[in-house]
Amino acid sequence: MAAVDSFYLLYREIARSCNCYMEALALVGAWYTARKSITVICDFYSLIRLHFIPRLGSRADLIKQYGRWAVVSGATDGIGRAYAEELASRGLNIILISRNEEKLQVVAKDIADTYKVETGIIVADFSSGREIYLPIREALKDKDIGILVNNVGVFYPYPQYFTQLSEDKLWDIINVNIAAASLMVHVVLPGMVERKKGAIVTISSGSCCKPTPQLAAFSASKAYLDHFSRALQYEYASKGIFVQSLIPFYVATSMTAPSSFLHRCSWLVPSPKVYAHHAVSTLGISKRTTGYWSHSIQFLFAQYMPEWLWVWGANILNRSLRKEALSCTA
């Protein structure tokens, strides 16, 4: 009995001495919970403010804000074409850049006839190196370029391990995904700075959020574009230039064509037209956005999840996409 009493007294003394530490830990826990809760609430408020509230009012006058002409690279299909059409629907004249002259002529005529705007084309293969940029610079030098959309990009044929990627494809990813955006900005930015207005939209990818296995070179190139855009915004915001890093997740383009699963999830994987309509409405509002409401939800989950969980999910998804793509080519 004496032993029980002694243990009870010892327990009370220890509990009393630890009480202040327990209270401190409780305060830390309460502070952490409150901080995380406020962050989540603010993130969802930002999502609503960005993707839903602007749609209730009138559309922004992009010509007045930025200028009369927009340049869109990789503009003959997918997000690039849809983005060009959306800008044209708002009255901007469009200069389309791509490597296929026949497709460029068709798209330019469609846009001009549908939206009653001026269009121009520049034939350029961004994978061919530095020599293409002098003709582009000459073609654009007398234009009031208000918006540049860096959309041109190269994707993997399907998700695969780095050593399975051909050397030619790797060079294309570097030249097109990284060099093209950087040099196109170098071409148009001086004119924007001189006029003290302009917007640069660079299309990155949701795969830049965290290391993405089986898309290693592609996701790294898109991470470059994201950081490049954010740094430019800090450099040139004071000069009247708006720079946006656009971070889409999957959109129903030719890049996702082999996957029947992705094309079934239309609310997660919008069409290029739907995506571009939403994305253009964020121009001038958000410097870094996914451009589409369901992609913003995916981005929030990606931000909060640990890296190991992202990698695990990416491996499962990319293995499935590779298997489906290979079965289509078999």
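Glycine is no exception: its Cβ is also placed from the backbone N, Cα and C atoms.
These come from Swiss-Prot:
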- Gly74, Ala75, Thr76, Asp77, Gly78, Ile79, Gly80, Asp125, Lys222: NADP(+) binding site (BINDING)
- Ala2: N-acetylalanine (MOD_RES)
- 2-82: region 'Required for mitochondria translocation' (REGION)
DSSP state at Gly80 (NADP(+) binding site), helix/strand/coil: helix
Sparsest Cβ surroundings (other CB atoms within 10 Å) among the binding-site residues Gly74, Gly78, Gly80: Gly78
Give the helix, strand or coil assignment DSSP yields for Gly74 (NADP(+) binding site). coil
Cβ atoms other than its own within 10 Å of the Cβ of Lys222 (NADP(+) binding site), all chains, total 28
Max CA to CA distance in Å over the NADP(+)-binding set Gly74, Ala75, Thr76, Asp77, Gly78, Ile79, Gly80, Asp125, Lys222? 21
Restricting to the chain of Thr76 (NADP(+) binding site) and a gap of 6 or more, list residues whose Cβ falls under 8 Å of its Cβ, or answer none. Leu96, Ser98, Asn100, Lys103, Leu104, Val106, Val107
